[in-house]
Amino acid sequence: MAEEGPSFTVDEALVAMGFGKFQLYVLSYAGMGWVAEAMEMMLLSFVGPAVQSLWNLSAREESFITSVVFAGMLIGAYSWGVVADKHGRRKGFIITAVVTFVAGFLSAFAPNYMWLIILRCFVGLGLGGGPVLASWYLEFIPAPNRGTWMVVFSAFWTVGTIFEASLAWLIMPSMGWRWLLALSSIPSLLLLLFYRWTPESPRYLVLQGRNAEALFILEKIARMNRTQLPKGVLSSELETELEENKNLTTENTHLLNAGETGEAVTVSKIVQKSEERPGFALVGLLSPTLVKRTLLLWVVFFGNAFSYYGIVLLTTELNNSQNNCYPTQKGLRHSSNDVNYKDVFIASFAEFPGLLISAAMVDRLGRKVSMSSMLFISCICLLPLLSHQSPSVTTTLLFCGRICISSAFTVVYIYAPEIYPTAVRTTGVGVASSVGRIGGVLCPLVAVGLVHGCHQTIAVLLFEIVIFVSGVCVCLFPFETSGRDLTDSISTSKEPTSASV
């Protein structure tokens with residue numbers, strides 16, 4: 001019997017073609033989505049104090065403006081993840097861009113508090129699609145330098161936060177919060193304008209058995225990068241593993257029984273069909289193969305989101321609220337004019353050192369060491385804030401804490417898609433992101449509510465506990481993903497025997 005011709009997987013094709021012009025285009029598009037999400041999240045620090053003064057809102061009502069956005073993201077992150085795993089990455093992120101832009105733009109015309117709450121909730125629903133864009137981009141990156149280029153992708157979040165802080169500094173004092181909301185929706189509009197040129201993930205297409213379409217996209221990548229595809233036929237990871245197992249079991253025989261070939265193909269089809277069933281993705285996350293990494297990831301996402309957004313809100317809230325809590329500053333009223341846009345702008349630059357640290361560590365030391373070390377150092381940075389500090393010391397400590405948390409958050413968004421197979425990747429990251437949004441819903445109650453109530457020590461202590469527990473969970477992750485190929489199905493997603501625990 002003649003030997004079959006050579007074959008290659010999507011991973012092997014991407015490594016052969018390298019990172020080139022095509023990936024830069026994908027990076028630009030996905031990065032614009034990250035800028036859009038960062039701007040919509042960052043503006044919460046400015047809109048809350050502004051409408052609190054305008055509409056006479058209580059501290060609880062002000063914090064609810066932030067909480068409803070996270071509540072919408074909680075629903076959206078799961079929903080768009082399921083859509084993207086079932087119907088494709090492109091359909092997943094186009095719907096989110098439409099919802100985010102329309103709701104974000106209309107928020108600028110909200111006539112009252114209730115309408116603002118409803119529209120911002122829809123903005124959160126759209127922003128929940130952020131993990132879909134991250135997973136889509138990840139699936140085009142060659143494995144050897146995936147960590148570094150994912151850090152570069154994360155830099156767009158930093159660009160978004162700094163741009164939003166600059167916009168608020170420029171617009172809020174003269175034009176007001178409505179103009180800020182309207183202008184902040186523009187990046188989502190750009191996603192819609194350039195959507196027609198975005199390709200579907202070849203990984204997703206191969207998993208769906210649409211190899212011809214996947215090959216067409218890979219050939220386009222090769223042309224744009226001026227490289228060549230490997231010789232042979234494009235195959236899925238599952239088919240490759242079944243072929244290797246079949247050859248292993250028949251290495252001592254010269255003839256291959258035709259029934260065995262049929263059995264291998266049947267197994268492949270059964271596995272693929274079972275992973276396409278409705279609801280399989282969510283159940284698959286808690287399967288024996290994935291349950292440990294899923295539960296640990298939920299805790300880490302919760303801790304990172306709770307701490308990151310808490311520190312962002314504390315940057316604008318802590319000094320202002322201290323006006324009512326400490327004798328030397330009593331008698332001063334808290335209003336939207338108390339927000340020091342210059343300080344918030346400067347604090348936003350804490351993201352850049354975090355990115356540089358992530359880039360330096362993520363591929364050299366690995367994902368686990370990078371995340372855990374940053375989380376534990378963040379705990380140390382926040383310790384002095386258990387008691388009242390001067391404004392300059394407070395700002396410095398929050399700046400350092402934000403560096404570490406943003407670095408850890410960057411790496412967890414790299415690690416999360418890598419530990420899941422293509423069949424459940426966007427659902428897995430989406431659900432984890434949803435759990436993180438629960439942290440986002442709760443953090444305003446701590447960062448705003450407790451601090452307004454003169455309970456700074458309790459608030460900071462809670463942040464310390466959450467960050468420390470997150471660091472411990474990172475240490476318990478089952479394996480390191482640096483340099484590993486992505487997997488396609490749960491059946492091929494076993495932990496490596498040499499993985500460190």
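Glycine too: its Cβ is placed from the backbone N, Cα and C atoms.
Features as listed in TrEMBL:
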type     : residues : note
DOMAIN   : 26-482   : domain 'Major facilitator superfamily (MFS) profile'
TRANSMEM : 24-44    : transmembrane segment
TRANSMEM : 64-81    : transmembrane segment
TRANSMEM : 93-111   : transmembrane segment
TRANSMEM : 117-138  : transmembrane segment
TRANSMEM : 150-171  : transmembrane segment
TRANSMEM : 177-195  : transmembrane segment
TRANSMEM : 295-314  : transmembrane segment
TRANSMEM : 344-362  : transmembrane segment
TRANSMEM : 369-387  : transmembrane segment
TRANSMEM : 393-416  : transmembrane segment
TRANSMEM : 428-452  : transmembrane segment
TRANSMEM : 458-479  : transmembrane segment
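Residues of the same chain lying 6 or more positions beyond the ends of the transmembrane segment (24-44) and with a Cβ under 8 Å from any Cβ of it are 65-66, 69, 93, 97, 100, 104, 123, 127, 130, 133-134, 136-137, 140, 149, 152-161, 163-165, 167-168, 180-181, 184-185, 187-188, 190-191, 194, 197-199, 224, 309, 312-313, 348. Against the transmembrane segment (458-479), the recorded stretches 93-111, 117-138, 177-195, 295-314, 428-452 differ in Cβ pairs under 8 Å, and the greatest number is found for 295-314. Residues 33, 36-37, 40, 76, 80, 83-84, 119-120, 122-123, 125-130, 132-133, 136, 178-179, 181-182, 184-185, 188-189, 191-192, 195 of the same chain sit 6 or more residues outside the transmembrane segment (93-111) yet have a Cβ under 8 Å from a Cβ within it. Remote same-chain residues near the transmembrane segment (369-387) are listed as 300, 303, 307, 354, 357-358, 361-362, 393-394, 397-398, 400-401, 404-405, 407-408, 411-412, 415, 456-457, 460-461, 463-464, 467-468, 470-471, 474-475 (criterion: CB distance under 8 Å, separation of at least six residues from the stretch ends). Long-range neighbours of the transmembrane segment (295-314) within the same chain, counting only residues 6 or more positions beyond its ends whose Cβ lies under 8 Å from a Cβ of the stretch, are 41-42, 44-45, 66, 70, 371, 375, 378, 398, 401-402, 405-406, 408-409, 412, 416, 419, 428, 431-433, 435-440, 442-444, 446-448, 451, 463, 466-467, 469-470, 473-474, 476-477. A contact links the transmembrane segment (64-81) to the transmembrane segment (428-452), because at least 3 Cβ pairs that are 6 or more residues apart lie under 8 A.
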